[in-house]
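J.: Handing you a structure now.
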Amino acid sequence: MVTGAKSCWAVRASHFEGLITTIVGYVLLAITLIVCHGLAALVRFQRSRRLLGVCYIVVKVSLLVVVEIGVFPLICGWWLDICSLEMFDASLKDRELSFESAPGTTMFLHWLVGMVYVFYFASFILLLREVLRPGVLWFLRNLNDPDFNPVQEMIHLPIYRHLRRFILSVVVFGSIVLLMLWLPIRIIKHIFPSFLPYNVMLYSDAPVSELSLELLLLQVVLPALLEQGHTRQWLKGLVRAWTVTAGYLLDLHSYLLGDQEDNENNANQQANNNNNQQARNNAIPVVGEGLHAAHQAILQQGGPVGFQPYHRPMKFPLRIVLLVLFMCVTLLLASLVCLTLPVFTGRWLMSFWTGSAKIHELYTAACGLYVCWLSIRAITVLLAWMPQGRRVILLKAQEWTLMIMKTLIVAVLLAGVIPLLLGLLFELVIVAPLRVPLDQTPLFYPWQDWALGVLHAKIIAAITLMGPQWWLKTVIEQVYANGIRNIDLHFIIRKLAAPVIAVLLLSLCIPYVIAVGIVPLLGVTMEMQNLVQRRIYPFLLMVVVLMGILFFQIRQFKRLYEHIKNDKYLVGQRLVNYERKAGKLSTTTHSSSVQE
């Protein structure tokens, strides 16, 4: 009894009671169903046996889903955190204190980091499958395989194979984290002692708000990097170049990429086989052979999938070991570059902006990564223009310079002035009345107002595009359709920027003129003037919203009145061709007169 109480206390004290209780419950339920299934088979209760079998399958699949989607990403997230402690000048004691203070939040964040890691690892494996020969990654499951069904695999494979695969996945993912995170951190601390640790502390008195930088990162930097297809093509080109280099150095070109001649011969042979198969399909089948031929076609329609023959050189195992070592060294060097170059570039650029203030390294890394991406993009564009000659390069440079100037003007208006006015209006209408008392003076930070305005502008633009058709939606759709290359500066200023800026300026100026210029002329007290100045913006917003709702309801009541009137008094709505009817009437009159 004492031992059971101690074990229950240990489970509760570990803050893992939810996860541990769930897994233990699934295991106990599965064992119970197995025992009941055996008893039902022993006493020959067939219906109960089938029902217990179905229940066991459901419990087994649920347990595997919890382990693969819940436990495995959580382990990866914690292992990533443990291996990166020196990068942030943290210790296990700090992680223990944060876990004890907020266990649920800590577990969720580690699970989220692990899920992101697993997702990008799977994406990189899919990229490798596009480059490497089919059959090289035979030990990894192909998620794009149409025959792959994870639910059926969970049902048919025994538990020990799932357990072995889980342990192997933990070892592989953990080894990659050691190779690409822990070891590079040790090397960086040895070569550049002052480079680490990264600054991840938040400062509320910093001149540049962390919220503003976070919104800038989420709204500008990351969408520009993730929505471009060039990054994936560059990564694929680097992987192909590395594969070709490693293949020729180790004489594994056939193993990694396959033989081009064999591919062409196989393609020709496949074409001949398709022609022969089509000829056989067009031939007249013999009676009684149709069903058998159909079954054979279904069974042999694809042939062997996921493998391509290759040339096996001498000392093949040694070459594979050297290939793995070469891959580890390449991953280590790539990790060193990714951990140092973007952060160094971002720190250098941020120093011109914020001075000596410490900025979260997430923003410096994002800024440096964005600059590196722009530099690589510019280099690739210049390399693509070089074969066309100097004249073409000058013409292209002139076109791009003009386009960049137009884009900068549009960015200043649409991404600078409008978000600033929108954020300031939101501050006056919502934030200041709720957060600042009447006896205190509100302080406005233009940078924070601009950052919040960027978020609000994107939300308003998205709602406008999803709403009904009106002039603002038509203009935004036209601007999106034109794009950056066909940007129309006159159209954007006249149809979009000028009306929106005029509306925002009127929304800001009219209440201020009323509160500061008209109300003091009425002879009210200073307290009333202060109250009017602080509450006029939300009051006018409420008036505008109520008037909008009133006009909407009046229009709806008019439509309802017209609908009821038409249903009650209108006999029918039908288009009648009076000329044709008159012709028919004259023809009928003429025929009747003839009969008379």
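Placement of Cβ uses the backbone N, Cα and C atoms for every residue, glycine included.
So TrEMBL has the following annotated:
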{"type": "TRANSMEM", "residues": "19-42", "note": "transmembrane segment"}
{"type": "TRANSMEM", "residues": "54-80", "note": "transmembrane segment"}
{"type": "TRANSMEM", "residues": "108-128", "note": "transmembrane segment"}
{"type": "TRANSMEM", "residues": "166-188", "note": "transmembrane segment"}
{"type": "TRANSMEM", "residues": "208-226", "note": "transmembrane segment"}
{"type": "TRANSMEM", "residues": "320-342", "note": "transmembrane segment"}
{"type": "TRANSMEM", "residues": "362-386", "note": "transmembrane segment"}
{"type": "DOMAIN", "residues": "392-565", "note": "domain 'E3 ubiquitin-protein ligase MARCHF6-like C-terminal'"}
{"type": "TRANSMEM", "residues": "407-430", "note": "transmembrane segment"}
{"type": "TRANSMEM", "residues": "450-472", "note": "transmembrane segment"}
{"type": "TRANSMEM", "residues": "496-524", "note": "transmembrane segment"}
{"type": "TRANSMEM", "residues": "536-554", "note": "transmembrane segment"}
J.: Cβ pairs under 8 Å only, please: of the recorded stretches 54-80, 108-128, 166-188, 320-342, which one is richest in them relative to the transmembrane segment (19-42)?
T.: 54-80
J.: Apart from its near flanks, which chain residues at least 6 from the ends of the transmembrane segment (320-342) lie with a Cβ under 8 angstroms of it?
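T.: Sequence-distant neighbours of the transmembrane segment (320-342): 87, 176, 179-181, 183-185, 187-188, 192, 195, 242, 246, 249-250, 252, 364-366, 368-369, 372.
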J.: Could you check if the transmembrane segment (536-554) is in contact with the transmembrane segment (362-386), meaning 3+ Cβ pairs under 8 Å among residue pairs at least 6 apart in sequence?
T.: no
J.: Okay, the transmembrane segment (108-128) and the transmembrane segment (407-430): do they have at least three CB pairs under 8 Å, pairs separated by 6 or more?
T.: no
J.: Across the domain 'E3 ubiquitin-protein ligase MARCHF6-like C-terminal' (392-565), what does the mean pLDDT come to, as a whole number?
T.: 87
J.: Counting CB pairs under 8 Å, which listed stretch among 166-188, 450-472, 496-524 touches the transmembrane segment (108-128) the most?
T.: 166-188
